[in-house]
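**Student:** Positions annotated as coiled coil by TrEMBL: 697-724. Under the heading domain 'Polycystin cation channel PKD1/PKD2', TrEMBL lists 467-606. Annotation source TrEMBL lists transmembrane segment at 215-240, 260-278, 331-352, 358-382, 402-421, 441-462, 469-489, 509-531, 581-603.
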Amino acid sequence: MWVLVASCASKEFAIMVMVLSSYRSLESARVNAINAVDGKGRTALARACHGGNFDEVRRLLAHPHVDLNQEDDSGMSPLEWAIKHNHHACASLVRNEAYYRATHPDNSFQSHLLAELQSADAIFDERLFRQAVETDPASAMKYLDQFVTSDRYDYHFKQLDAIYGRRNVKSSALYAILNSNVLPAQDETKYVCLQHVVMQRILDIKWELFAERMYLFQLLIFGLMMTAMTMVVASSYAITVAIADEEAGMEVESSSTTGITIQLMFHLWSITCIYCLCAKTQLGSLQPEYLWRLARWMHDGVWAPFDRNVHVPSLTMFKSRAKWWLFKRSLLMTLFFAGPWCFYFGFIFNGVLGLDPISVMVLGTVMTTSIVLCVTAVYFLILEYRELLGEDPWIHERRANAGVCGWLFWTIVLVFFLPLGTPFMRRYKKYFSSWFNILQLITYICILPFAVLSLACLLPEYQGRIKDVYLCLGAFITLSLWMLSLQYLEVNKTAGYLLPMLMDALGDVWDFLVFYGVFQCGLTCAFYFIFQQKSDAYRTLWASFRTTYFVLYGENGVDDFTETDTDGDRVLPALIIQFGYILRMFHCAVMVVLLLNLLLAMMNKTVDRNWDKIHARALSSYARSVLRLEMMLGQTEAERDSLIFLTPRWYYSGAVAEHIPLAQNGSLRLLNPAFTEPIAKHDLAGGQLPDAEEEDTKRLQTKVAELTAQNVALRIQMEAAHERMEHKVDKLMALMLRLHEKTD
């Protein structure tokens, strides 16, 4: 009898092992079923929110595995669909579920997610990582640990091409970290994942493959645009004087102040243009294969194509030397071409077509700056358009998959019709939700008419109102361009924190304006009323607003109360003067002492509150700049594969090529070595030593998170196994009872 019991127990144990082994696949199938998508990429929850089916949304949210943030092909999440179609009850349900999951770490969704992360194999799952980032960044960092190993000196990575994002930008881990959550308060908690060595390596790879070249080229073009605008501003008055002298029949002397200014601006502008052209020729050398050649040449003096069998020690150092060498070469090329140019126009040139040298320099400066402004503005508008299309690459996929006629049709739509319709299309709303993007578009669009006006202002008949519009538009463009130049600080991993802190400060200023506006409007009307238009400083409401506004900066304007008329009599009665003094004292006390100090206290508190997150925010600023550049790249899968994989025939060398047919040699793709090469720990850390206390804290937090995840996973498995064992024991007891009855 006991032999029979032991045999049954061993069979039950084998069955339990088989059930446990298939548990993960069954759970994965259940997750895929609830989050399955249709032809438009929409889940059942997205379809329910789109249609406003409140009961269906409630039923789906009760499922422990439903994904709240999964976007469809148009880039819309279930919450965004509900808001778009004014289904506010459905939107409220989604927000409430997101808040419940955020405030109850032991909820069924997170428990299942932790168990799935614990049992995940070494294949990167974008869905799993995105859910982990949105709910528990610590578990997401733990998930990334399986894609990196380390020895004494180096890190070794795997699956970096999947983490990089093969299909499109939205399939990358970087997009999952930087994309917005249902609850905006959770966004900054995800930025800690950027400090993981895997994500740092991903950022370095993206920077090396495309971001550095694009950034430097855009910096050159933007610098050229700003220089052209600065030339217009700096030489505007001198050119106006030269034109006036020419109209009066006078010749501008080269030794006069006007002549010296025009010559100086012309030579500076020429040197800038020549340097940009020379630097552009060097940027092509930053291609990964060519840069490797330069690094090897710096190492052993051999100039040869890339060979995977050749190892270059300290490759990062030699790449840095190669970049510095390219920079010095661009300076030497500039000196070589700019020297003769400036010497010729400075000492030899005597004019052409009946024009003296100063007139030629005036025309050359005005025409070239106008052309450069137009061309660069169009270039940046195209870049913004490509970034905008990066939100949803549907049209690129249709062009790639269409025939000749279809390709021509979608190209016409892409070039002529889509730019006008993007502000009204919901799939591009994320781009237009940023005031910074809107400011860029307005600035670049305004540059086009400004460049035309700069040419028109050379003619005497286009003075007056057009000149005034030209000056106001130029002042706005100049200020806007200098403000937009701040975006190029984002790539600095240390100084990049200034931009998020600036945005926080602007938020405090906005809150301050709520209080300030109440007093400012009230005092504007009060002073306008008591002066009764007897003073120029308060003659209109706008004049009264200006005068009271500058009190905030020390212009108290008390002399306005004792202003006299032409007869020497005061314009205000004595009682009104005394009342005005009291009102101005109240004005200064409230505006300067109270509200201004309140603003400073708010900004100081904001900086202190975010100081602990300064490193993560600086890194997020850098990551956003890389993501912006990636949005401007080609968006089809084939275009992304051209960066991830290498296909040249010379990649194979020596005996390896002899064993590969020529046809296969030309079509076989190999992963870019940047995704697999080991990286020194010192290089990835930037030469900085880790903080011992911070490292201990992170180690303890990681251990606690690991034990918690293991505990949750074991608890779920034990509960499931316990239920199955109880069922099997009941069956076994029933079998034993029947056996006992038969033996009796």
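Cβ coordinates are placed from backbone N, Cα and C, and glycine is handled just like the others.
Curation does not apply to TrEMBL; its annotations are automatic.
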**Student:** Please work out the helix, strand and coil residue numbers for the domain 'Polycystin cation channel PKD1/PKD2' (467-606) from the DSSP assignment.
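**Tutor:** When I sort the residues of the domain 'Polycystin cation channel PKD1/PKD2' (467-606) into the three classes, I find 114 helix, 2 strand, 24 coil.
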**Student:** So, taking each listed stretch (215-240, 260-278, 331-352, 441-462, 581-603) in turn and counting its Cβ pairs to the transmembrane segment (509-531) that are under 8 angstroms, which one gives the highest count?
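**Tutor:** If we count Cβ pairs closer than 8 Å to the transmembrane segment (509-531), 581-603 scores highest.
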**Student:** Of the stretches 215-240, 260-278, 581-603, which racks up the most C-beta pairs under 8 Å with the transmembrane segment (441-462)?
**Tutor:** 215-240
**Student:** Give me the stretch from 260-278, 331-352, 358-382 with the greatest number of Cβ pairs under 8 Å to the transmembrane segment (215-240).
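**Tutor:** Comparing 260-278, 331-352, 358-382 against the transmembrane segment (215-240), the winner is 358-382.
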**Student:** Within the same chain, where does the transmembrane segment (260-278) have neighbours whose Cβ lies under 8 angstroms from its own Cβ atoms, ignoring anything closer than 6 residues to its ends? I mean 6 or more beyond.
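**Tutor:** Distant contacts of the transmembrane segment (260-278): 220-221, 223-224, 227-228, 231, 234-235, 238-239, 242, 252, 254, 330-331, 333-334, 337-338, 341-342, 345-346, 358, 361-362, 364-365, 368-369, 372.
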